[in-house]
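Per TrEMBL, the feature domain 'MacB-like periplasmic core' maps to A:20-238. The domain 'ABC3 transporter permease C-terminal' annotation in TrEMBL covers A:288-402, A:676-789. The transmembrane segment annotation in TrEMBL covers A:21-41, A:286-304, A:333-358, A:378-400, A:421-445, A:674-697, A:725-744, A:756-777.
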Amino acid sequence: MITYYLKIAWRNFKSSKLFSLLNLLGLSVAIAVCIPLFLFIGKERSFDSGYANKDHIYRVNLIPHQKSDETWGSVPNAVAPAMMQDIPEISYAARMLKNGFGTPASLRVGQENFKEDLLYWSDPELFKIFDFQFTAGEGKNPLQEDNAAVINESESRRLFGEASPLGKTIIVDNGPTLVVRGVYKDLPDNSSIDPAMIANFKSSRMSRSIYWSNASYETFCLLKPGSDIKIVNQKVQALTAKYIKDPSDRWFSLSLQPLSEIHLHSAQVMDTYISRIGDIKTVRQIGLLGLLIILIACINYMNLATAKSEKRAREVGINKTLGATRKQMVLRFYADTALLAFLSVVTGFLLSFGSLFLFNSISGSHLAMTDLFGLPTLLFLMVIWVLVTLLAGSYPALLLSGSSALQLMQKRFHAGGLDRVLRKALVVVQFSCSIVLIIAIVIIYQQMRFVGNKNLGFKPDGVLMINISGVAKAQNLVGFTNEISQMPNVRNVAFLQSPPGFGASQRSLHKADAKSDLTLYTCHADAEVVPALGLHLLAGQSLPKQLAKTDSAVYVLANKKVVDFMGWTPEQAIGRKVDVDLGENAYIVGVVDNFNYLSLKSPIEPYIYYAANDAPESFNALMVKINTDQLAGTMDKIQSAFGKDVPSVAFDYSFLDSHLATLYNADRVMQRTVLLFSCLAIFVSCLGLFGLSAFMAEQKTKEIGIRKVLGASNFSISRMLSLHFLRLVVLSIIIGIPIAVYLMREWLSNFEYRIHISWLVVALAALSGLLIALITVSYQSVKASRANPVNSIKTE
Amino acid sequence: MIELANLSKWVKAGGNQTFLLKDINLKIDKGDFVSIMGPSGSGKSTLLNVIGMLDDYDEGQYLFDGEDVGGLKEKAKQSLHKDHIGFVFQAYHLIDELTVYENIETPLLYQNMKSAERKAIVADMLDRFQMVGKKDLFPAQLSGGQQQLVGIARALVANPDIILADEPTGNLNSKQGEEIMDIFTRLNKEDGVTIIQVTHSEKNAAYGHRIINLLDARIEN
């Protein structure tokens, strides 16, 4: 019986080519799109699942009292030892400090310098918490000695080639000398922690003082199996009260976050060194988009199948008189759909090699082609096959099998008009989705352009950032800065603690009569900061060029937010003392206009540049404003000067404007993904509309013939046929616009600086949707209207 | 075999009751050959559909082999008609996507017959109607008369007791029509198949043992 059904299904497939091809194309494109999405979601959900202790590992997070809506992923360095000592449920706790609080390290191996982004200083307990696989060296307790370090296999190849790295030395940032004691297998792509090199925390400068103030140490702990997380959390909370004697210094509370939640539920967590961060929202959005495309393709099938059902009704009727039961008829229709769905799954699978490549390149993911042959993919395809068969096949199957043989064999079979209403409803659903997507594309594009062109309050173009955190003494740089300052294309050279787009130090701005302090960001800088960054001075001048050796004052260049809070005009502020936790003698020497030192997603906050002898923060970056006319030549000169003057440090540079662009990477990925999806969804919708209009035109051949005999023009006929669909599209627009506007407002609310949704833009987007539909439909309408009426009348 | 007693069927349109069949009393025995005649709209096809259990009735009684059809559930009716009744239509109603062979085979599939058995019966049928050479053709490749032969072969393949034919020669020329009528006569005489046909043609009606005339939903005497 089943072969019989398949035989008929195959012949049906062949006999209605247009129908079959439209469906095949629509469904296989939808499936091809869903496969990479599925792999992406699978990978996101698999994060950190490879660790043996995964269910018992937690990260210690911090919630500052002053801003209780924030969560930080790092805590003071006293937390881990205190947890180990005080809480019996904690087996191990380990700190993971990224070198220089996140700035790349400069490694010296033999005579060569390497830049290293992924050097972490950690406790030996880390290896009890996470299982690392050691391929060389003594794996059990690799960080036994204070100066021990371990590296992963890629790092070993990069630094030492094929030679064994064991026992070799590495000098970090011209400071501590480390000895390699082990090599571990590279951690998998789906691990949240990503160290290429781990050195004993005890060798780090940061281990010299253990304190409860500076929260910069990402801390992981392993709970004993069977411990009650609630109780442990309480005990962790109690640590601050025990160890911080002065209640006014207890500025935060602690909480544990399970490892399994770190990847997808930490998008809002600040101050973490983990860079492989996903977002459950993105995963959901992407899953939803994938489902939407499958749904649209299924709707196509249902629409076309019911449109065709009037043709097939007779056949069902005959089968019923020949003794077919309802069940058998239902099975037949499912066999039809199952065959088509199967062919689509196979085609979609083949197409997915291309779509996976496309997805990787637009989203920056690294999904492997080999994943396509994995068991999960095959299971997914099976599920899709069954799902599509049930979803798309049910309506025609149940509609036709439920009607009586006599009804079915009548010349014109109508299922009480229900099928027509449903068909219209489905077209409206489908096109509403398309309209929403078209509007989304336009608004996302507008917003990203707005972000790109927004006046940041400084000029990031042509600013070269050189990482100098590896340089032990600033004096070593004098020769270098002097040399490049002489170059004709170099305009300014400024020393900075951290460039815009990177975090700065957080301090408090105190005001005598105010109840609460204001969080303020401070950045150690020099006089050249104003011209190098193109800051706009409102009053006063830049920081002093030279400080006398005995000068104990702190010179402050404040942004307008600071003086606004203090209640001064920029002019009034000059020469005033400010209390910003930088000592007693901090004076404002200049005021600059507000500028966006972070991404446009966050509001501008009080920010100061300061200059002082014995500043608490060192310089980490050189900002070199250059004339980009002969960029390559200038860069060569700068690089060779650096190599000559600072031979012990790797030349690590980037451009400020391209760095700032990376702040919107996630949004750009979102923009491109939505664009691709939307185009595909609209394409698939149009396939359906095209097919449907073809069937409608075919069904109305007789009516068209009669109308033409009665004198109707070609134009009036095609208008009649097109209008039928355009009414539905207009309805879709009415439904789609409010949904789109709502969703886009939600998305825009992520940005502190955003465009207003213009009704004109929305209307134009909707109109373009209408136009696309019109073009799709009119092909069939025009074709039908131009046919010879004699032929069309004969069809009955 | 078939007994209709005071059987009526009506439709209500705008408060008016229009009878499609009214007070039909009819007895058809096994081995009978009955022709139903009457003008268009007199209820011939409706009567045939009611007898074939494709259509319901509103009043009266219908006994099939002594069983009250009105009291049967849908499934029981379906199996009754699957086992006992074969249909022949004016418009042939062959399945376009199936070959001659497969069209004839279809009723056997619904009887859940084994493949080997099916093959034997269909081969026999093709033989009987001299269509072995055409078994792989599709309906569109056959003439009207040939299509109706396939239709009859298909109606007979499940070995029914009754053939219900709704204007079987209506779309055929007179020579093809005669051929079909000859086949019906032979089936009736040699195999004892009960035949009930609806026809417009006096000549074809004469092939039957008796003629029932319908007028305005009633049987005329």
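Each Cβ is built from the backbone N, Cα and C atoms, and glycine gets one as well.
The domain 'MacB-like periplasmic core' (A:20-238) scores a mean pLDDT of 91 in the predicted structure. For the transmembrane segment (A:674-697), the neighbouring stretch richest in Cβ pairs under 8 Å, chosen from A:21-41, A:286-304, A:333-358, is A:286-304. With a cut-off of 8 Å between Cβ atoms, the residues of this chain six or more beyond the transmembrane segment (A:378-400) that come close are 27, 31, 34-35, 38, 294-295, 297-298, 301-302, 305-306, 309, 312-313, 316, 329-330, 332-334, 336-338, 341-342, 344-345, 348-349, 408, 415, 418-419, 422.
Across the domain 'ABC3 transporter permease C-terminal' (A:288-402), the DSSP tally of helix, strand and coil residues reads 105 helix, 0 strand, 10 coil. Here the transmembrane segment (A:756-777) has Cβ contacts under 8 Å with residues 431, 434-435, 438-439, 441-443, 446, 682, 686, 689-690, 693, 721-722, 725-726, 729-730, 732-733, 736-737, 740-741, 744-745, 748 of the same chain, all six or more residues outside its ends. When Cβ-Cβ distances below 8 Å are used as the criterion, the transmembrane segment (A:421-445) is approached by residues 292, 296, 299-300, 302-303, 306-307, 395, 667, 670-671, 674-675, 677-678, 681-682, 685, 688-689, 692, 725, 728-729, 731-733, 735-737, 739-741, 743-744, 747-748, 755, 757, 761-762, 764-766, 768-769, 772-773 of the same chain, each at least six residues removed from its ends.
Per DSSP, the domain 'ABC3 transporter permease C-terminal' (A:676-789) is made up of 96 helix, 0 strand, 18 coil.
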